[in-house]
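Remarks on the structure that follows.
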Amino acid sequence: SDPDPLQDFCVADLDGKAVSVNGHTCKPMSEAGDDFLFSSKLTKAGNTSTPNGSAVTELDVAEWPGTNTLGVSMNRVDFAPGGTNPPHIHPRATEIGMVMKGELLVGILGSLDSGNKLYSRVVRAGETFVIPRGLMHFQFNVGKTEAYMVVSFNSQNPGIVFVPLTLFGSDPPIPTPVLTKALRVEAGVVELLKSKFAGGS
């Protein structure tokens, strides 16, 4: 989790030039306005016409400067039928979520320490789940209608590492021999997968 705040409010100065390791510099409260504690951004559904059939609406410190130094952030994730939030990791935060509509298969992968086990369940509207920091996880819409969930993190900037994109769309690319050895496949398979994620998409 993030460090404890040292003041009630520290509205992020996103245009500031100062370098800060944890959080952003603070705007003077006289310049912060009166809406820094409120946001309506998650009321709108995202566009799920994407390769994954999902859309993430982020509400971290970059989108909600009032969360600066408070150690929290939120996302809304919308899913088309059959849409997925592909396997990914949040390196800096634990995630807790609630399915608001539809039904999602939520999968959480333990580390080698816990036997590399997959924990999964279909989570329905009104039900919740928790994902420990740093563990790989995914969500998949198993229903016949659109679905969405709202998740919260114990960090103003939880970070995200999409596993497929990281392996096959990095810049510069991971050398193909590394991936053929690690994945135990032929070079042609790796090159095909790289072509699917070219340009970081």
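Every residue gets a Cβ built from N, Cα and C, even glycine.
The structure displayed is predicted, hence computed values, not measured ones.
Record features, source Swiss-Prot:
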type	residues	note
DISULFID	CYS10-CYS26	disulfide bond
DOMAIN	40-191	domain 'Cupin type-1'
CARBOHYD	ASN47	N-linked glycosylation site
BINDING	ASN75, ASN85, HIS90, GLU95	oxalate binding site
BINDING	HIS88, HIS90, GLU95, HIS137	Mn(2+) binding site
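Features per Swiss-Prot, on structure.
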residue	record	DSSP (3 states)
CYS10	disulfide bond	coil
CYS26	disulfide bond	strand
ASN47	N-linked glycosylation site	coil
ASN75	oxalate binding site	strand
ASN85	oxalate binding site	strand
HIS90	oxalate binding site	coil
GLU95	oxalate binding site	strand
HIS137	Mn(2+) binding site	strand
TODO: May I ask which of the recorded positions CYS10, ASN47, ASN75 is closest to HIS88 (Mn(2+) binding site) if we compare their C-alpha atoms?
DONE: ASN75
Task: Cβ within 8 Å of the mean position of the Cβ atoms of ASN75, ASN85, HIS90, GLU95: remaining residues of the chain near oxalate - done: VAL56, VAL77, HIS88, GLY97, ILE131, HIS137, VAL151, PHE153, PRO158, ILE160
Open item on the list: If you compare CA-to-CA distances from CYS10 (disulfide bond) to each of the binding-site residues ASN75, ASN85, GLU95, HIS137, which comes out shortest?
Closed with: ASN75
Open item on the list: A 10 Å Cβ contact count, applied to the binding-site residues HIS88, HIS90, HIS137: which residue has the minimum?
Closed with: HIS88
TODO: May I ask which of the recorded positions CYS26, ASN47, HIS137 is closest to HIS90 (oxalate binding site) if we compare their C-alpha atoms?
DONE: HIS137
Open item on the list: Can you give me the Cα-Cα distance between ASN75 (oxalate binding site) and CYS26 (disulfide bond) in Å, rounded to a whole number?
Closed with: 23
